[in-house]
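Straight from TrEMBL, the features:
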DOMAIN    175-553  domain 'Myotubularin phosphatase'
BINDING   N333, I334, C395, S396, D397, G398, W399, D400, R401  substrate binding site
ACT_SITE  C395  active site, phosphocysteine intermediate
REGION    603-625  region 'Disordered'
DOMAIN    749-809  domain 'FYVE-type'
Amino acid sequence: MELSDSSGSSSTVTQSMCHVRASELYPKRDLETDESPPTLEPPLVPFVPLAGESVEYLGRGANNTVLALSNYRFYLKVSNEGSKRRRGIQDSNIPLGLIEMVEIKDLFYIIISCKDSRTCRCTFTTNDLCLEWYKRLTRVIVSPKNVQDVFAFAFHAWAIEDQCNEDISSNLGHDGDDDYFMKEIERLNISVLSDNSKWRISKVNWDYKLCATYPNRLLVPSCITDQTLEAAAKFRSSKRVPVIVWRHKGNGAILARCSQPEVGWLGWRSSEDEDLLKAIAESCQNKSKKPKKLVVIDARSYPSAVANRARGGGCECPEYYPGCEIRFMNLANIHAVRKSFHLLRQLCASPPDLPNWYSLLENTRWLHNISGLLHAANTVAATIEFEMQPVLVHCSDGWDRTPQIVSLAELMLDSYYRTIDGFRVLCQREWLDFGHKFADRGQGEDPNERCPVFIQWLDCVHNVMSQYPCAFEFSKTYLVKLAQHTYSNLFGTFLCNSGAERKRTGIGTATFSVWKHLAASAECKNHLYSSQPDNILWISCNVRDMNLWRDLYVGPFTDGPQLTKPTEICNPIMGMDGIIDPIIRIDQPIVINSEDPCIEFSKPEDISLDERDEKSSDTNSSSLSSIITEENGIERHSSPTNCILNTVDGLLPLVDDIQNRLRQLNLEHKTREAALQNELHVTRLVLLRQASHRCNGIEATTTPDVNGLSLADKIDDDVSVCSSTGGETTLSWEPVESFDAQPTLWVPDHAVTQCMSCDNKFWLGRRKHHCRSCGKIFCADCSRNLVPLPAEQLYEPVRVCEPCFSVGALKTTSTSTTTTTITCKQAVADDQKNVNITLQPAPSN
C-alpha cells in the first residue's frame with residue numbers, strides 16, 4: 001500500500017491495522033512436555049486455559065504432582081491420592097504477576113514467594129528437573145520492558161475475537177467514559193458554576209502539562225488563578241500541588257492532599273503556596289462563625305520530616321503558615337513496611353503448629369502498622385466531623401501514605417464509598433488518578449521501590465469491615481479478588497504508574513477493567529449490607545482489635561479433602577428442589593380474560609433468581625467432564641482439576657460459608673414469598689370464577705380447576721372451598737364391593753386442619769386434596785403428581801402424594817402394561833386454554 005499525506009490514505013492504513021487478528025498479534029506458543037517415567041502416563045493440563053492463554057511447559061513433580069506453566073499462571077496440581085490430599089492441601093494456582101521471588105532451597109525444592117503473602121513449595125524427583133523449572137519460572141516473572149507484552153493485552157484481544165463466550169459480555173468490560181468527577185462535585189454539593197462560588201475547576205493540568213501524576217481537572221479555591229497554581233507546584237515535591245478531593249456536606253469542611261514542601265536546609269518558602277493554603281482554609285469558613293485553622297496531617301514523624309530537608313524536602317514552617325496547625329502521625333515508610341511484609345510472609349509459610357506463632361506475628365509489626373494507619377484516619381475523620389476544620393494530608397511524595405490516610409478517612413465519613421460503585425470511585429480517584437506507582441511498587445525492577453502499599457490499605461479496609469460487617473455492600477471476597485488482581489496482569493486497571501502513562505499506552509481500550517468483573521460477581525456482594533447514608537464508622541484502632549487477613553495471607557481453613565462437586569462450591573443452594581419448585585410452577589402463567597372492565601386482576605411478579613449463579617454452576621458442572629481442546633497446535637485430552645476454577649479469571653473461588661448461608665436464607669425467603677403470591681393468585685382466580693359463573697350461568701360442575709381437575713372431581717374428593725375452611729362435608733361414600741383387595745380409607749376432611757406432609761395450615765388459598773393411594777390429606781404442593789392406579793380400579797391419572805408417587809404408586813403401576821404419568825403443572829398448562837374461554841362474558845341479549 002502506498003502511503004500519502006491525504007486523510008483518506010491515512011484512514012485506510014489505520015483501518016487495516018485495526019483488523020489484525022489476535023492470533024497474529026499475540027500468537028500462542030507450542031507446548032513443551034517433560035519426559036514422564038515409564039510407569040506413569042503423560043500429564044494432562046489441569047485447567048481450562050483462558051482466552052489468549054497458552055500452556056508452554058507441562059511436567060510432573062514428586063508425589064505424582066502436575067506442574068503447568070502458561071503465559072498467565074503457574075499451576076501445581078496435587079495428586080488425588082496420598083496424604084496431601086487427605087490433609088486438605090489445595091492446588092496452587094498463581095498468576096505470574098503475583099510471583100515476587102523464586103528460590104531453590106535444599107535439593108529438589110523450589111520456593112515461590114508471592115506478592116499477596118502466599119508461598120508455594122514445589123518438590124521434584126531430580127535436581128536437574130528442579131533447576132530446569134527454576135530457570136523457566138525465573139524467566140517468566142521478569143517484568144516486561146514493553147507494557148503491551150503483559151498478558152492483559154493478549155487476554156483482551158483473544159476475548160474480543162471470541163464473541164461466543166457469554167462471560168465476556170456479562171462479566172468483562174472497559175472503564176468506559178464515566179465522568180465520576182462531575183458526579184462527585186454534584187453529590188458533595190460543591191458549587192462551581194455560580195459567580196459567587198468558593199471553588200472552581202482548574203484545567204491547568206490538562207493533558208498532564210503541570211503534573212504527570214495528577215488528574216486533568218483539579219478542584220481549587222476560586223480565588224486561586226492558574227498562574228498561582230503553577231508557581232505553588234514548583235515548591236511542592238513532584239509538583240503535586242494541594243488540591244481538594246472531598247467535602248463534608250454538613251459542615252463544609254474539606255479534605256485536601258499534596259506532597260511535602262521543598263523547604264531544604266536553607267528554609268525556602270513560597271508565597272504562592274502560602275496563599276493557596278490560606279485560601280483553602282478561608283473557603284471553608286462561614287461568615288457567622290470563628291475562622292478555623294487548616295490542619296496539616298503529616299504522615300511522617302517529626303524527625304523523618306526534618307531529615308528530609310537534607311534531600312530538599314521538609315515540612316511546613318509554622319512561622320510561614322500562621323493559619324495552619326501541623327500534626328505528625330509517625331507512620332512507617334515503605335522500607336519498614338516492606339520488611340514487615342516479608343516477615344509476615346515467612347511466618348505464614350511456616351508450619352501451622354508453631355507454639356509461639358502469635359509472638360512471631362507481633363515481631364513482624366504488621367498489625368502495628370495497620371493500627372497506625374487506622375489511627376491516622378480516625379484523626380482526620382474526627383477533625384473534620386467534630387472540630388469542623390479543613391484537613392490537608394501529605395507524606396513525602398504524596399502517593400503512598402497519603403492515599404492510604406485520605407481514602408480511609410473518606411471511607412469512614414462517607415457511606416457512598418462503602419457501596420460497590422462508590423468504592424470503585426474511591427480507588428479510581430485516590431489511587432489511580434492521583435498517581436500511586438502501581439508499576440514500581442508491585443513489578444518494578446528496583447527492589448527498593450517495591451512495597452505492598454495498596455495491599456496494606458486493603459488490609460485496613462478488611463479490619464474496618466470486620467468491625468462493621470453490615471456497613472459495606474461488598475464482601476471480603478471482593479477485597480481478596482481485588483488484592484489478587486492488583487498484580488495478576490489479567491486486567492489493565494493497575495498497570496503503569498499514572499493516568500498519563502495509561503493514556504499514552506492505550507490501556508483503557510486495549511485491556512479489560514477489573515471493576516466490572518467484581519461488580520458482576522455474585523460472591524462479591526455482602527448479604528448483610530444495610531444502607532445507612534449518614535452513618536460514620538469510628539474504628540477501634542488498638543492493636544488487640546486488629547485481625548490478621550487469613551483469607552489472603554494464610555488461606556481458608558481446610559478440613560479434610562477438597563470438594564469435588566462444583567455444586568458444593570459454586571452453588572451452595574442445591575438440595576432445595578422442594579423450595580425452588582414452587583417458583584417454577586409460578587412461572588407458568590394462568591391466562592384469564594382481561595378484556596372485561598369489571599374484573600381487575602394483577603399477576604404476581606416474577607421472582608428471578610441470580611442468573612449469574614446459575615450460569616456459573618452450569619459452566620462449572622460442564623467443566624468437570626472430560627474436555628477435548630485444541631491448544632498450541634495439538635489436540636489433547638484435558639481433565640480439569642477437582643478444584644472448581646472461576647470461568648472468568650481462572651482462579652480458585654473463595655468459599656465464604658457465612659455469605660453462602662445468607663444467600664441460601666435469602667433464596668428461601670423469596671421462595672416463601674413466591675408461594676404466598678401463588679396462593680393469593682389461586683384464591684383470586686377461584687373468586688373470579690365463582691363471580692363469572694353467577695354472571696354467565698355456567699354450571700360449576702363443568703368448570704376446569706387450576707390444578708387440572710374439574711370441579712366435579714373436587715366435589716367427589718370432598719375438596720371444596722368450604723371444606724378448606726373447616727366446614728364438614730355432607731357427601732356420603734358410594735358403596736363399593738371389595739373381594740380380595742382392601743379399599744383405601746380416606747381421612748375425613750374435618751379431622752385435618754393442616755397438610756400431613758409440610759404442616760402448612762389450610763385456608764381459602766391452600767386447599768385440601770386427598771391422595772387416592774393412601775387416603776391422607778395434603779396441600780396442592782405436596783400432591784402435585786397425577787398417576788393411574790389400576791389396583792384401585794383408577795385407570796385415569798389421579799392425584800397422589802409424593803411418598804406414594806415415589807414408592808407405592810410406582811410399584812403398583814409397574815404391573816400395568818401401559819402407564820402414563822403427568823404432573824399437575826402439565827395438567828394446568830393443558831387446561832389453561834379452556835380457562836380464558838370459561839371466563840368470557842356472556843353475550844348481551
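The backbone N, Cα and C atoms fix where each Cβ goes, and this holds for glycine too.
Source: prediction; values computed, not measured.
Least crowded of the binding-site residues (D397, W399), judged by neighbouring Cβ atoms within 10 Å of its own Cβ: D397. For the recorded substrate site, residues N333, I334, C395, S396, D397, G398, W399, D400, R401 set the reference point as the centre of their Cβ atoms, and the other residues of that chain within 8 Å of it by Cβ are A299, T402. Whole-number maximum of the Cα to Cα distances across the substrate-binding residues N333, I334, C395, S396, D397, G398, W399, D400, R401: 12 angstrom.
Averaged over the domain 'Myotubularin phosphatase' (175-553), the predicted model reaches a pLDDT of 92. Taking Cβ-Cβ distances under 8 Å and a sequence separation of 6 or more, the neighbours of C395 (substrate binding site) in its chain are S259, Q260, D298, A299, R300, L331, R401, T402. The Cβ of N333 (substrate binding site) lies under 8 Å from the Cβ of R300, S304, S396, R401, each of which sits 6+ residues away along the same chain. Across the domain 'FYVE-type' (749-809), DSSP classifies residues as 14 helix, 20 strand, 27 coil. Taking the Cβ of R401 (substrate binding site) as centre and 10 Å as the limit, one finds 29 other Cβ atoms among all the protein chains shown.
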